Structure formats: C-alpha cells, structure tokens
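A short write-up of the structure that comes next.
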Amino acid sequence: MSKVTPAPDRVRRREPAAARRPLGTGLAARAAFLLLPPVVVGVVGVLLIQLVISRFEISGVVIPKPTDVFEVMRSEIFMEQIGESTWQTWKATLIGFVLGAGSGVVLGTLMAESRLVRFVLYPYVVAFQSLPKIALAPVCVLWLGFGLTMKFSFAAMLAFFPAVIATLAALSTVPRTRLEMATAFCASPRQRFFRVSLPSAMPGIVSGLEISMAFALIGAIVGEFVAPSAGGLGQLLLTYSEAINVAAEFSVLVVLMVLGVLQNKILFGVVRAGTERFFESSR
Amino acid sequence: MTAPSADARSVAPPRLDGHPDGEARSASAAVRWGGLVVVTAALLAAWQILPSGVQGDGSSVPKLDAVLKALGPSGEWGEYLRALRTTLGEAFFGLLIGFVAGVVLGVLLGESRILRQGFYPYAVALQALPPIALAPIFVIWFGLGMESKIGLVGAATLFPILVSTMAGVAETDRGRIEMATAFGASRSQIRLKIVFPGLVVPIFSGLEISVVLSFLAAIAGELISANAGVGVILQVYQRDFRLAEEFAVLVILVAVGLALALLVRLARHFVLERMPNE
C-alpha cells in the first residue's frame, strides 16, 4: 500500500530535473561513469598480463597469455567440445537444483510450520550441514555409478540444505504482527500461509535458492571430477589438465564463469523480479 | 476475507494454539523429545536391520554395528587422524591466506570508490566461478602435495571474507565519522577508532562461511588429486569396498565440522567480549 501512494509525487518531482538537461546525455554520462572503471581495469589488466608474460618469458604452463586463451576459445574443436560439455554440466545442475531445492523448500516449510517436525529434524539438519558434503562424492559414485544420475543426485544433495535453511529462516521471521492481523481477520491457516507468510518470506527463500543453484553447479562439477566418465565441464578440465593445456583450462574457466554469472546473477535477477511482482498484489 | 464464515471460525482456534506461546509448554516438550527419541531410534534400527535385508550387494551400505566398530578402539584411528591432520593443515593455512588477502582487499575496495567500481564486477564474476573448478590448475602449479590444496582453499575462502569486509566498510555509520571529523580526528584515527572496530562483526560472519568452505575445499582438492588427506582415504576405502571405514570417516567429519563451527562462535564471543564498548 505504501508503495502506491508516493508514485505520483515521485513523478512530479522528477519532471523539472528531466526538463533541465536532455535525458540522453544524463543516461550516457551515468553509464560511462559506471562502465569506465571496470572497462579500464579489464583492458589494462589484460594488456599488463600479456606484457609481463612475454617480457619475462613466463611459461604457458604457469599462466597462459590472454591471446593464447582467446585463440583456444576461437578454435572450432574447442567450440564443439565446450558446447556439448556445458550442456552436460548444466543439465545435471538444473535437474539437481529442481530436485534438491524443491524438496528443500518443502522440508523447510514443514519445519517452519510444525514445531514437532522442526524439533525432531533440526539435529539431523545441523549434523548434515556440518558434514562437508563433498566428502560423500565417492559413496555417491559407488551407489549411483558414473553417469548423469550420480551427477544430478550429488548436485541435488548440495542444493538441498541451503534451501532448507533459508526457507526455515525466512518463514520463521515473518513479522508476528502480520500473522496476528491475519488471525484477527479470521484467515484460514491456508490463507495465512499463502497470503501472509509466503509473500513475506519470498525474498529470503529466493536468496536461499540462489545459493542452492550455485551449489548445484559445484555439485555437478565435483561429480564430473570424481566420476571419470561423466562428461561435462569438469571432465573437460581434467582432460586438459592431464594434457597440461593450461590455456584451454583457462578457457573452460572463462566459460564456467560466464555460466555462473548467467545463472546466479542474471537468471536469479529475473526470478527475483518475477516473484516480487507476483507477490506484490498479495502484499 | 470480508465476513468470518463458519468455516474460518472453526479453524481459527487451533491456529492460536499453534502460536509459539499458545501451547502448554511441558506437555509439548515431552511430545517433542519423545518424537526425537523415537525417530532417532527408528533410524538407527533401520540402519542396523535394512542393510542386511538387501544383502544382494550388501557391501553398498555398511551396517550400523560395523560402522561403530570402525569408530571404536579397533578402528583405523592412526589412518583417520593422519588424514585429518593433513586436511585440517591445508584448511588452516589456506584459510589464513584467504583471510589476510580478503580483509586487506576488502578494506581497500571498501575505502576507495574508484577501486571498488573498477574491480568489484570482476570480484562478482570470479565469485560466480565455482572455486572447486580451479583444483586441476592448482595441481599443475603446485603438485600433489599440500601446497595445491592450500592454494585452492585460499582462493575459495578469499571472496566471502572480501565481500563481507567490503560491506562492513561501506556500512560504517557516516554520522559517527562526521562527528569524529568535527572533533578534529585525523583520517588514521577515524580508521582505527571507528571503521576497523566496526569490521569485527562482518568479518566474523564472512569467517563463519569461510571456515566451512576451507574444510570443504581441502577435501574436494584431495578428491581430485592428492597423496594424503581425508579425500584420499575416502576414495581408497570406496575403491576397496571398506564402507564401514568410509562411513566412520564421514561421522568423524560431522564431528569436526561441528567443532569448527563452534570454534568460530567461541572466537567471536571472545573477541566481542574484549572489545572496548562504544
């Protein structure tokens, strides 16, 4: 409600400022101001690395020249391999995320809504949380083999716990006053959950899901590291590592970084905006 | 929601009961402890009974008593402890590097707007890269020994500390800085008396994440390639089908993980207790 009222006011206040200077230069100036430092750092950094490596004749095994990395990334074989591997890895990440984070949100909700469930399961969640779950990778290989099943199961396991914890935390910090108001208006438990608790908890849950997704990617890659025939980016990294082709390894890392930014920042930016929009009506 | 229907009214009372303070405490405490004991007993019993039930390839899940035996005095404690010492050593030295670098870079980026604008996008991008993926490169650089894992742990723990330190610097109370300036404090005095003490809490919250990460990254690095450590014995036990020992190590890892988390909490408590009051 408070979001609706100031809107006309804000528009009125902004108008004279926009009239004073042309919109284009303002935007361009602001964009330049924001983009200039990172671009300068990037360009100077890459040039500096290139220069230092060729000046001091540092071996390509230690740090590959940026030009070598670009060359690898432009080659056709790499493009072919990387496309296939990226899809392999992301498929496992996505399936793992949906399974792990989905069941995590459900369990977190159950734990937040029922004191009994919370009390009984909390010690187990804490115990599992303090286990470095990467250590379960060998057992997962033993149980599930070397294929996609092992990868997405491992990813799901890593994605599960952040979702549980975030959902539990977000749902149990819903402002008491809002719940009391819903009760006072005779909302049914279902209404109270879907109209009050869930919209209030949504930002927290979405941040938890973002962590889950990052962990799912880690899980998929570790799965590929541990299972010697699983394919994917992890496998590609190991192959290049065995061939001591460091330039190609860096190229894979660049791709992985782009994948990480795309899924963690861009995808979740959209998801965040979407959920905010969706739940705005009920807030 | 306009008029309280009969349906809504009939549901309202139990909901009030479900409210944190609505229940009779003693009765529900008994139920909860009872539930915990029953669930735990059921899980342990299932662990003992079920693995023998699927004896077909029964080696895939060890029975509870086998795991307990592997954890008992006749277990491979020499091997466990040697591996744990290697892994914890890697985690500790890597965390030390990540911590120092993270705090220094965090303060730099937090204090200088131009540095922050220039480098922060890259920090975000690097953070999106799963640190584990760097493991093969660290092996090429530093070999199979502890050094490669220390490097990996350092790279993995750097960012949480950097980000929380930077946020701490950025969130320093402007009002206090202005007041100190008005009282003629120099820049270094402002740093020492206002900015740095305010960093303790955010640094500890970054440290809490990083300690967990350090242990995880050390083990992950060992799984990929190493000559000693927890990751190595986990893989050896798996390959030799010694699953009782494998599970025993996992149980030990839970205990160590809990102890590490507790240690950070205690350290935070200790430091905050000793800090001069504002």
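Each residue, glycine too, has its Cβ placed from N, Cα and C.
Taken from TrEMBL, the feature domain 'ABC transmembrane type-1' applies to B:84-264.
Among the features that TrEMBL reports, region 'Disordered' is placed at B:1-23.
Residues annotated as transmembrane segment in TrEMBL: B:30-50 (among others).
When Cβ-Cβ distances below 8 Å are used as the criterion, the transmembrane segment (B:91-110) is approached by residues 116, 119-120, 123, 146, 149-170, 199, 203, 206-207, 210-211, 214-215, 217-218 of the same chain, each at least six residues removed from its ends. Under the heading transmembrane segment, TrEMBL lists B:91-110 (among others).
Residues or ranges marked as transmembrane segment in TrEMBL: B:122-144 (among others).
The transmembrane segment annotation in TrEMBL covers B:150-170 (among others).
Sequence-distant contacts of the transmembrane segment (B:190-207), counting only residues of its own chain at least 6 positions beyond either end whose CB sits under 8 Å from a CB of the stretch, comprise 99, 102-103, 107, 111, 160-165, 167-169, 171-173, 176-177, 180-181, 264, 267-268, 271-272, 275-276, 278. Per TrEMBL, transmembrane segment is recorded for B:190-207 (among others).
Residues annotated as transmembrane segment in TrEMBL: B:213-235 (among others).
Here TrEMBL flags B:247-267 (among others) as transmembrane segment.
For the transmembrane segment (B:30-50), same-chain residues at least 6 beyond its ends with a Cβ under 8 Å from one of its own Cβ atoms are 61, 63-65.
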